[in-house]
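Peer 1: One structure, pasted below without further comment.
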């Protein structure tokens with residue numbers, strides 16, 4: 001939806017860039033985790049997600065009038081990804097690599113879900129939700145809920161530390177990073193209800 005709007009208007013006005021960037025970082029992180037763990041579901045979902053988010057970033061960069069700030073954010077993302085790759089392949093031993101990478105991915109997931117709220121003050125001040133994406137809000141809610149349900153069924157070895165089970169049980173920890181996604185989506189739904197969009201967008 002956002003990509004179609006950018007292509008139609010040839011403008012990135014009222015389109016947030018940070019969610020594209022954090023989602024791409026999140027996809028790349030979980031793709032690495034999925035490859036390390038050998039989880040086909042994580043590999044497939046996040047490979048497609050990373051490809052799509054990279055496409056969105058390239059289109060946003062192409063139509064953005066201020067390319068320098070966007071490029072700096074992209075370079076920062078690449079630096080974080082390269083640093084993380086170096087850390088997990090060189091400095092972390094094989095036995096604890098999955099544990100550390102899982103926790104790293106969890107932090108990225110929480111960051112991704114919180115990023116659309118960066119303009120919360122702007123929304124309240126302007127009493128307009130034009131800078132928020134309703135389709136992104138819906139898909140974030142569905143995705144975070146789905147991964148939470150997946151986490152209920154998943155016995156994930158990254159919570160095992162030092163031969164013992166992490167204080168948070170296997171049924172709790174995998175879905176914790178997705179709880180902020182549900183909460184922030186509900187906050188954005190409330191904002192769309194509180195500050196209704198234009199008549200041509202009957203959300």
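In case you wondered, yes, glycine gets a Cβ from its N, Cα and C as well.
What TrEMBL says about a protein is an automatic prediction, not a curated fact.
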Peer 1: So which range, 1-23, 70-92, gets flagged transmembrane segment in TrEMBL?
Peer 2: 70-92
Peer 1: What else in the chain is close to the transmembrane segment (43-63), if you only count residues 6 or more beyond its ends and a Cβ gap under 8 Å?
Peer 2: 2-3, 6-7, 10-12, 15, 17, 20-21, 23-24, 27-28, 30-31, 34-35, 70-71, 74
